[in-house]
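Notes follow once the structure below has been shown.
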Amino acid sequence: MQLRKRRGNALHRTKQNSPPGGLKENVPQRNRQHFHVDLWFCLTLQNWILDFGRPIVMIILPLEWFPLNKPSAGDYFHMAYNVITPFLMLKLIERSPRELPRSAVYLCIITFVMGASIHLVGDSINHRLILSGYQLHLSVRENPIIRDLKPASLIDSFELLYYYDEQLGHLMWYIPFFIILFIYFTGCFTEAEEQKKIPTSGWLLLGPSALYYWYLVTEGQITELFLLTFLCMVSMVIYQQRKGFSPDSNGLFLFCSFSVTVFLVALWVVYLWNDPVLRNKYPGLIYVPEPWSYYTLHIKKNH
């Protein structure tokens with residue numbers, strides 16, 4: 001009886017010491033703050049293959065392999081991305097050195113999957129329009145294959161499709177994506193000097209990671225969202241440094257990737273600053289052309 005009682009008391013103490021959020025915080029920080037080369041490598045690799053590689057594989061593979069009324073190879077890439085990316089981001093959150101708001105993370109993941117799925121449908125149809133002569137550097141109503149449609153109300157339907165694909169889908173996809181990265185970043189601060197260095201594997205991944213984020217920002221037309229996230233990260237670094245903390249190797253890798261991305265986006269804008277066609281396509285306050293619009297305007301028509 002005494003042995004059973006002692007076990008019951010020990011179990012009671014364990015439950016009292018467990019954090020209510022369910023994310024472990026009493027795991028030694030030394031074991032949890034090493035550089036997550038496996039997750040960063042998987043994220044970078046699948047981003048390049050399943051996201052950046054989607055339109056490329058659709059262009060390369062013969063059209064007869066994937067009829068226009070069936071999903072294309074890029075669609076299957078997108079489906080895989082919609083499953084693998086949220087899984088990897090949840091695994092990244094699990095490795096945070098401190099407890100994170102679980103409800104906010106789950107809500108972001110759910111919204112992310114919904115937005116990416118909306119984009120899957122819109123992007124799939126948009127690719128078929130490109131194969132039929134749709135030009136990405138022109139607006140919906142200015143495209144030759146769209147403006148002569150009868151009845152004219154069909155043009156409104158294609159504008160709605162564009163809205164779901166390029167605006168609503170992107171916002172529901174990328175806002176939770178960057179929120180999750182920022183939430184994770186807030187837990188990547190330490191006092192230990194040995195944990196503030198990016199290993200060689202991290203430096204090797206830094207270039208591909210930053211280049212992908214450049215593509216994400218420019219093609220997704222989310223410059224404002226990205227810059228806001230980066231400014232929040234800078235503010236967090238300043239705030240934590242006043243308390244004596246600095247980013248650990250994972251936080252430093254994420255921060256450096258975003259810093260290089262800002263530089264790449266600036267170079268892209270300067271390179272296309274005087275392009276009259278793209279200026280007309282992107283008339284907003286912040287001028288950041290899409291790479292695929294540049295492709296259809298300057299590369300595709302020259303081949």
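Even glycines carry a Cβ here, placed using N, Cα and C.
Annotated compositional bias 'Basic residues' per TrEMBL: 1-15, in sequence order.
What TrEMBL lists as region 'Disordered' is 1-27.
As annotated by TrEMBL, transmembrane segment applies to 39-61 (among others). Note on the transmembrane segment (39-61): residues 72-74, 77-78, 80-81, 84-85, 88-89, 91-92, 95, 123, 127, 201-202, 205, 208-209, 212, 215-216, 250, 253, 292 of its chain, located 6 or more positions outside it, place their CB under 8 angstroms from a CB of the stretch.
Per TrEMBL, transmembrane segment is recorded for 76-93 (among others). If one looks beyond the transmembrane segment (76-93) by at least 6 residues along the same chain, the residues whose Cβ comes under 8 Å of a Cβ in the stretch are 23, 36, 39, 42-43, 46-47, 49-51, 53-54, 57, 100, 105, 109, 112-113, 116-117, 119-120, 123-124, 177, 180, 183-184.
Sequence annotations record features per position, and here TrEMBL assigns transmembrane segment to 105-122 (among others). A Cβ distance under 8 Å defines the sequence-distant neighbours of the transmembrane segment (105-122), meaning residues of its chain 6+ beyond its ends; these are 75, 78-79, 81-82, 85-86, 89-90, 93, 161-162, 164-166, 168-177, 179-180, 183.
Residues annotated as transmembrane segment in TrEMBL: 171-189 (among others).
Tertiary neighbourhood of the transmembrane segment (201-216): same-chain residues 35, 37, 40-41, 43-44, 47-48, 51-52, 174, 222, 226, 249, 253, 256-261, 264-265, 268, 291, selected by CB-CB distance under 8 Å and a gap of 6+ residues from either end. Summarising the annotation, TrEMBL assigns transmembrane segment to 201-216 (among others).
Sequence annotations record features per position, and here TrEMBL assigns transmembrane segment to 222-239 (among others).
According to TrEMBL, the feature transmembrane segment maps to 251-273 (among others). Remote same-chain partners of the transmembrane segment (251-273), defined as residues 6 or more beyond its termini with a Cβ less than 8 Å from a stretch Cβ, comprise 35, 40, 181, 184-185, 188-189, 196-198, 202, 205-207, 209-211, 213-214, 217-218, 223, 226-227, 229-230, 233, 237, 287-289, 294.
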